[in-house]
Number of protein chains: 2
Amino acid sequence: MRVITTIEEMQNTISHAKQDGQSIGYVPTMGFLHEGHLTLMEKAREENDIVVISIFVNPLQFGPTEDLSSYPRDFERDKELAEKKMVDYIFYPSVEEMYPHPSSITIKVNERTDVLCGKSRPGHFDGVATVLTKLFHIVQPERAYFGTKDAQQVAVVEGLVNDFHFPIEIIPVETVREMDGLAKSSRNVNLLPNEREQAPILYQSLLRAKEMILEGERNPQTVITFITEMIAENTDGKIDYIEAYSYPMLEEMTKLNGKFIIAMAVKFSKARLIDNIILEINEK
Amino acid sequence: MRVITTIEEMQNTISHAKQDGQSIGYVPTMGFLHEGHLTLMEKAREENDIVVISIFVNPLQFGPTEDLSSYPRDFERDKELAEKKMVDYIFYPSVEEMYPHPSSITIKVNERTDVLCGKSRPGHFDGVATVLTKLFHIVQPERAYFGTKDAQQVAVVEGLVNDFHFPIEIIPVETVREMDGLAKSSRNVNLLPNEREQAPILYQSLLRAKEMILEGERNPQTVITFITEMIAENTDGKIDYIEAYSYPMLEEMTKLNGKFIIAMAVKFSKARLIDNIILEINEK
């Protein structure tokens, strides 16, 4: 495994690999790797000749009130984990390497952003789309892997790739869960013991909602009310949002049909948890 | 030579060519090919295994008052000309193919646009950058060829490629000229006979300016005044602008140094002509 810190070396390396006919699988990360990331790397390892991950805490996707400087970092640990997953290259550029001067060109995401987590993070997805445009051109993968736990991010990335015809297949990978169903997250360690006991209710409520829908419920508001009550009655968490939208367009629906997402964010005392399910119904 | 009209077929064709280790040279055009375009194709033919040109009149780069519908088109003639230049593929998509729905993501060019021709065409270069981002992802060239007659376009494209790290080399190709120095343009046929006689003065004034600078003149305003007077005294043209900027940043200069451009637009009765020279001085 090799760590590469400059854009030029990364592009040259990829260019040689491509001339040798090798396929590239790519996992973009902000480091502090957890099991979700490792699953993405495993999938990339299975499906490609070469696996590249990037570790870059992208300042452009942090808002002015969000604490970029305290974002957790542990490169040595990340390196060990990546090596175990047989990653070939870690692209690990500095902020100066990625943003040597203010960009003369900006990218703005106009859809899919003012709902779910995006609502409270204006500009966040512009930063995500900008850094991914750069990274996709640097790593030039055939396939890029994203966890569906950040379903809105996957939706925005699919919009970016489709609208601009990047020759890249976006591969959404299912959320990795604890035995009791809680979505894995580096934030779970911040749950108090009783909160950790309650937290699986989030996913359970989504599974119960899925059952309701499979049994014929088509009114999004009924489903959302059910989930809201189940979480309110069984946890100390404060609901940030529970919403249902078409997927990946993230548009409002009056009736559940086609592909759609039910997503939530719930605040516990020191951890804000998110979870979602994506379902598909095809009725005329 | 093959004409390809869908993004999918173009990407598949390129993907196969790349797997065979073939290099791609690309000339984006809006059709109605003239000698400037043909020179770009010749250069691309010399330097690459495969030559792709695109013919697409991009609605996004026309302003509301600019006449998109009357933009000249002659695909059959273009096809013959491209075939003679041994082009391998013409990518010729419809507007619906390129813009099936309003883009959920937009690109904005924030620098190099509010001077020269860009000043009177707000949004023009946003449209250029957007369509080129798409086309670059579709054609995936190693090299893309642009005429320096549209020097501002070359500057914007270089900004796009540098800022977003497209793995593409932008190759600026010198303006093709008539025997008397007039820059070739499809618009030249619209000059009245006496205007056609006067038109070479534009380039002559640039060459005289170059002499002045080589002889030591460093004040941009002195040079611009000289050119203005030469054109005003010797032609019936109405000067739209004569400007000098650093190149490719297109920033104002108080003293001519480094790489810079002197560019002009002059309106005759039925044709607006542009021309420029790019010079480089390296003084401490």
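First residue shown is number 1, and so on along the chain.
Keep in mind that glycine also has a Cβ here, set from the backbone N, Cα and C atoms.
As recorded in TrEMBL, the features of this protein are as follows:
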type: ACT_SITE; residues: B:His37; note: active site, proton donor
type: BINDING; residues: B:30-37, B:147-150, B:Val176, B:184-187; note: ATP binding site
type: BINDING; residues: B:Gln61; note: beta-alanine binding site
type: BINDING; residues: B:Gln61, B:Gln153; note: (R)-pantoate binding site
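Taking the features listed in TrEMBL, we show where each one sits on the structure.
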| residue | record | Cβ contacts under 8 Å, 6 or more apart |
| --- | --- | --- |
| B:Met30 | ATP binding site | B:Ile55, B:Phe56, B:Val57, B:Asn58, B:Tyr71 |
| B:Leu33 | ATP binding site | B:Arg77, B:Asp78, B:Leu81, B:Ala82 |
| B:Gly36 | ATP binding site | B:Gly147, B:Lys149, B:Thr175, B:Val176, B:Lys184, B:Ser185 |
| B:His37 | active site, proton donor | B:Val27, B:Thr29, B:Ile53, B:Leu81, B:Gly147 |
| B:Gln61 | beta-alanine binding site | B:Gly123, B:His124, B:Phe125, B:Asp126, B:Gly127, B:Val128, B:Val131 |
| B:Thr148 | ATP binding site | B:Val154, B:Pro172, B:Val173, B:Glu174, B:Thr175, B:Asn276, B:Ile278 |
| B:Gln153 | (R)-pantoate binding site | B:Phe125, B:Val128, B:Phe146 |
| B:Ser186 | ATP binding site | B:Phe32, B:His34, B:Pro72 |
- Just how many other Cβ atoms lie inside 10 Å of the Cβ on B:Val176 (ATP binding site)? 17
- Can you check what DSSP calls B:Met30 (ATP binding site), collapsed to helix, strand or coil? coil
- Note on the structure: According to DSSP, B:Gln153 ((R)-pantoate binding site) sits in helix
